[in-house]
Amino acid sequence: MRILLIVSGSVAAYKALELTRLLRRDGDEVMAVLTAGGARFVTKEALAAITGQRVHDDLWAAEAEIGHIRLARWPDLIAVVPASADLLAKMAHGLTDDLATCVLLATRAKVLVAPAMNPAMWAHPATQANMAALRARGVIVAGPDDGPMAEPESGPGRLMEPPALRDAIRAVLADGPLAGKHVVVTSGPTHEPIDPVRYIANRSSGKQGHAIAGALAALGAKVTLVSGPVAQPDPPGVRVVRIESARDMLAACEAALPADAAVCAAAVADWRTARAADQKLKKVPGEAPPPLDLALNPDILATLSAAGPSRPRLVVGFAAETENVVANAVTKRAKKRCDWIVANDVSGDVMGGAENAVHLVTDAGVEDWPRMAKEEVARRLAARIAEALQ
Ligand code: CTP
């Protein structure tokens, strides 16, 4: 595959060299565009030596030789590694004041960005708004990692390590058994507001749902992950839509259709407050606590299973049970009219834990899978989904 690597200004730019080495070892062709900021941290000569290609760093020189349009058309994927706060802001606003930004605006190739910056810059609302705009346009975001920075500080903002970046790129370019298929996955809890500062939630970490989204993408699927508030990083190669409430989750899932399959792994809150207060509820001395008047939330799994002509061919639900796990799951599958149910016993440390012991309930019967890492459950389930969609 052809990968155009855009190296922008960050002390982590040296990792772009190692990433190039890994990609070329896998047989990919890599060409590099170096921004003025990037050139402060790695040299054009080093990039040329490691890509084995001429490095482009000047808009007007590039126009004379190859042109930014031809550069934009050349790759299967543009990887911005590292992506500085400045370059991400320019991308979000469509600025074109150098070669990298012109290429990024002119391309129709998939674009992956790997942010690298100080944690305060990453957390800044301006950066977060830029990232939301880029994600909404289908830009794939890899990382950043959480960890020590060049300055004596630690937090989210570290560039992902080259092997993980290579995997993220591989997932985007994957040509596996699910290539050309679209899968919608729900993950995490939902938050149902009580008032502007309080909400109803549950213990779901999003680990299992995010792992499933990543495993499907690794098999080549286009994946839309609709996620409640979680601390999980975005799985490589996956489009992530962030929501808070069950009603928002349903709207995002319906907006993502058509899909070949849907996997509902989210722990959706069954109830919301009938009417969330506009102002923070106050304690009034001598008065009883305010009653929580609850209303039933929509059932996303049941709605997708009954979506008529836009129903995904395969709808997979989860069953979180604390007793009679398999019997309850069999009943749930019939009630929700989904094709498969992955049943798990959540009475132990499953919610938030690293492992899961599940039973797969299909019309052919019940399979008991041994206890294994959630990533392994995800890989097995993704492989089964690939088989079923063949
Ligand atoms: N689910 C959903 N929307 C809801 C509730 C649940 O999409 N409002 C989905 C979950 O994502 C899961 C399946 O339905 O795939 C079963 O969820 P679970 O919590 O086990 O069951 P409930 O339907 O909530 O039933 P109960 O709480 O009575 O066991």
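Backbone N, Cα and C define each Cβ position, glycine as well.
These numbers come from a predicted model, not from an experiment.
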Candidates Asp270, Asp345, the one TrEMBL lists with Lys280, Pro298, Asp299, Ile300, Leu301, Phe318, Lys332, Lys336 as binding CTP: Asp270
Secondary structure content, the domain 'Flavoprotein' (1-147) (per DSSP, counts of residues): 73 helix, 31 strand, 43 coil
Fewest other C-beta atoms within 10 angstroms, as judged across Asp270, Phe318, Lys336, which are the binding-site residues: Asp270
Cα-Cα distance, maximum over Asp270, Lys280, Pro298, Asp299, Ile300, Leu301, Phe318, Lys332, Lys336, record's CTP binders, Å: 37
Cβ-Cβ distance under 8 Å to Ile300 (CTP binding site), same chain, at least six residues away: Thr186, Ala246, Met249, Leu250, Cys253, Cys264, Ala266, Val268
Model confidence over the region 'Phosphopantothenoylcysteine decarboxylase' (1-182) (mean pLDDT, whole number): 92
Residues near Pro298 (CTP binding site) in space but at least six apart in sequence (CB under 8 A): Ala246, Arg247, Leu250
